[in-house]
Amino acid sequence: MKERKFFGTDGIRGKVGSGQMTPELALKLGWAAGRVLSRSGTKKVIIGKDTRISGYMFESALEAGLSAAGLNVMLMGPMPTPAVAYLTRTFRAEAGVVISASHNPYYDNGIKFFSTDGSKLDDNLELEIEAELEKPLVCVESHLLGKVSRIEDARGRYIEYCKGNFPAEHTLTGLKIVVDCAHGATYHIAPAVFRELGAEVIAIGDKPNGMNINDKVGATSMGKICETVIAESADLGIALDGDGDRIMMVNSKGEVIDGDQILYILACDAKSRGVLRGGVVGTLMSNLGLDLALQALDIPFARSKVGDRYVMELLKELDWRIGGENSGHILNLDHGTTGDGIVAGILVLAAMRRQNATLEELTSAMEMLPQVLVNVRFEGEHDPLKSDKVKAAQAQVESELGVRGRVLLRKSGTEPLIRVMVEGDDHSAVLAHANLIADAVKSAS
């Protein structure tokens, strides 16, 4: 396949005003995408965004470009990424566009597309769009220009969709939940969803100002929600990221429940109800404790490369339904086409209600093994992973760890770093093993 120039694994992303993230490129991208998407279908595109101040600028530019190509545009305003995927399906739109840089700081932004079925845009379509980007922008004739409208009830539609994933015979009455919206796209949705299901909700990170998204709050910064759960004597906490596609949780003791533990809860619940199809897909970074806990239940486990795109690919290849990353991207293909933090939280709460159990009880049988990650910078074009010294150090550590440990060495995709990850039963031993391999990598650099 031809190498992509603009699109990465999750659309286009970067610092606002530099590189590819400029209003000029957004305008041209809208036009190029419109040219490709207008060849068939409804000629209708939905645009949603998170709460970054630059979202308004990019929304206007994309809107103009799509209209210039003859496509009708429907604006949602600030809405979670999975809401764009859902409404793209229900409106039978040709595509959905999300303006977001997910968990990144406010000065970054990004643009990604969903296809008409709510899944990530096909690689070949992205290549077609890139080919159109190389051409001069030519506006359609005036009578063919696209029209722009706003979906006034997008929030209500998505709230009802989220609630529809919770069993009708149960409520959340009696639960006190802290919900952290990361000052992002879920700020006006997530608290309402859990309140309407009966919970007492304490909302934090729900006052976006355009520049505070993901700032010391949300799924990538768990300190605030852990403190709040303890201070408020809450039953649990739910932390979302800036665009609402990932989740982390907190139990009543203030302990973080990560994506691996959430996958374990969902797999156990599905198996107990006889609806688990196949097994669970994690990634190379998933904790060995998840693998061992699923083995004990005879639930198959497979690892993909890091990234929810690769988790999805492996789920489709194996025809399984549940997968995700320890960072909190959770996919359940019986409940959506992309990662959805709110829905994942609802499914965990449903498991709690069905089993009349606390979050602590649902995770008690899964032992998270100590995991140490060391980043080693290297210079030059050579590959330290091919060094005999590094290979020998890895073999020595793997031999000493046995079946209760794991070593993973991989290159960073964005920096000249080798990531050394070691897991095992004893934290001090794991740390020593990781440093042993890291020293070998340094000497080979």
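FYI, residue positions are counted from 1 along the chain as it appears here.
Including glycine, each Cβ sits where the backbone N, Cα and C put it.
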One of Ser102, Ser115, Ser387 listed by Swiss-Prot as binding Mg(2+) at the site of Asp241, Asp243, Asp245: Ser102
For Asp245 (Mg(2+) binding site), the number of other Cβ atoms found within 10 Å of its own Cβ: 31
In the chain carrying Asp243 (Mg(2+) binding site), residues 6 or more apart in sequence that have Cβ under 8 angstroms from it: Asp50, Pro80, Thr81, Val98, Ser100, Ser102, His103, Gly184, Ala185
Remaining residues near the recorded Mg(2+) site, that is with C-beta within 8 Å of the centroid of the site residues Ser102, Asp241, Asp243, Asp245: Asp50, Pro80, Thr81, Ser100, His103, Gly184, Ala185, Leu240, Gly242, Gly244, Arg246, Gly339, Gly341
Proximal but sequence-remote residues of the same chain as Asp241 (Mg(2+) binding site) (Cβ under 8 Å, at least 6 apart): Ser102, His103, Ala182, Gly184, Asn214, Gly218, Ala219, Thr220, Ile247, Gly328, Gly341
